[in-house]
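Under the heading domain 'Isopropylmalate dehydrogenase-like', TrEMBL lists 4-349. The substrate binding site annotation in TrEMBL covers ARG97, ARG107, ARG135, ASP222. As annotated by TrEMBL, site 'Important for catalysis' applies to TYR142, LYS190. Among the features that TrEMBL reports, Mg(2+) binding site is placed at ASP222, ASP246, ASP250.
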Amino acid sequence: MKMNIAILPGDGIGPEIVSQALQVTEAVCKKFGHDLTYKHALVGACAIEQTGNPYPDETHELCMQSDAVLFGAIGDPKYDNNPSAKVRPEQGLLGMRKKLGLYANIRPVTTFETLIHKSPLRTDIVTGTDLMCIRELTGGIYFGRPQGRSEDNNVAFDSCVYSREEIKRIVELAYKYARQRKKKVTIVDKANVLCTSRLWREVAQEIEKQNPDITTEYMFVDNAAMQLIQWPNRFDVIVTENMFGDILTDEASVITGSLGMLPSASIGLHTSVFEPIHGSYPQAAGKDIANPIATILSAALMFEYAFGLMDEGRVIRTAVDESIKAGVVTEDIASGDKSYKTSEVGKWIKEYILNK
Ligand code: IPM
Ligand code: MN
């Protein structure tokens, strides 16, 4: 198959982890005989520094022409500590999501048996967790207008906005995936307080009626945050709005032992983007210590979701499992003193794929 992808490493550890995922992608293409072409482009703080724009037009053009985008991370403490900065790296990510129409962010959460002891939760709670969080990505409070300050600068406001259409397409997607999984959908909202959440529930109830083979439950987000760590394996597909999904998936990621393990797929109207759910981890940038697994598993999702190549995805996942079993892991998930560098983990996984 011809595969044309855009590589957007971004900031911090982004370049290091993306280059590992790219090598793994190349290895898989070589093994299965796919014709891979790719180009790099700027996004985030590095794009601001070089062009003044966190998501330059050139980068957008490249993404639009690509079958898929492999993305690292964006963000720089320089901007975090300066709330009055007019241009911010995060605007690059949000602009990209909006312009590419990436309305669904899929974040699968599964445990690795060999890492269960790393979880802050008890083994009996965590064992068997296999859930998928579907986060709405182009609406809600992240994008709602009006947003800003009062004239006297003493009041700030954001708006949470959702249309029926935006809710419908994402809730329908949740049912589609639940049907291929354990046939349960949990709709997370705050319908006891928020008007947008009441619209979510109204629309979801209509879709629920059309899907009688799927079990539906409605849960307030505060309760969901609690149940997620008390009883994570009660969930199958969770679907929720943008900000609730942002928060719940960071929480869900620690269930598995490390934030460095969780991949994501953002799908939508024009192309799809694959990225780890963790951030740019600036303290580790350039040190070759960051965990590349979330990005490598994002490449696995790319084969599956963007190209429908299920065996290729499976091969990557198996190689990652084997690297963990062999103890070839970065310091965040290592047991004992021995840990490996980012590049050593990537190389091990790549070679496992090529030699198997
Ligand atoms: C994520 C990140 C982003 C978000 C930030 C960097 C804007 O936390 O992808 O989860 O909030 O969506
Ligand atoms: Mn987040």
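Counting begins at 1 with the first residue displayed.
Glycine residues also receive a Cβ, built from the backbone N, Cα and C atoms like all the rest.
All TrEMBL annotations are machine predictions without curation.
Each of the binding-site residues ARG107, ARG135 was scored by the other Cβ atoms within 10 Å of its Cβ; the lowest score goes to ARG107.
For the substrate site listed in the record, the two most distant Cα atoms among ARG97, ARG107, ARG135, ASP222 lie 26 Å apart. For ligand 2, the neighbouring recorded positions among ARG107, LYS190, ASP246 are ASP246, by Cβ distance under 6 Å.
Contact annotation for recorded positions (ARG97, ARG107, LYS190, ASP222, ASP246, ASP250) versus ligand 1: ASP246, each with CB under 6 Å from a ligand atom. Comparing Cα positions, ARG135 (substrate binding site) lies closest to ASP246 out of the recorded positions TYR142, LYS190, ASP246, ASP250. For the recorded positions TYR142, LYS190, ASP246, ASP250, a Cα to Cα distance of within 10 angstroms from ASP222 (substrate binding site) holds for LYS190.
Checking each of the recorded positions TYR142, LYS190, ASP246, ASP250 against ARG97 (substrate binding site) by C-alpha distance, the shortest gap belongs to TYR142. When the C-alpha distances from TYR142 (site 'Important for catalysis') to the binding-site residues ARG107, ASP246, ASP250 are tabulated, the minimum falls on ASP246. Highlighted in sequence order, VAL221, ALA225, MET243, PHE244, GLY245, ILE247, LEU248, THR249, GLU251 have their Cβ within 8 Å of the centre of the Cβ atoms of ASP222, ASP246, ASP250, the residues recorded for Mg(2+), and are not part of that set.
Considering only the binding-site residues ARG107, ASP246, ASP250, the residue whose Cα is spatially closest to the Cα of LYS190 (site 'Important for catalysis') is ASP246.
There are 19 other Cβ atoms within 10 Å of the Cβ belonging to LYS190 (site 'Important for catalysis'). For ASP250 (Mg(2+) binding site) paired with ARG107 (substrate binding site), the C-alpha to C-alpha distance reads 10 Å.
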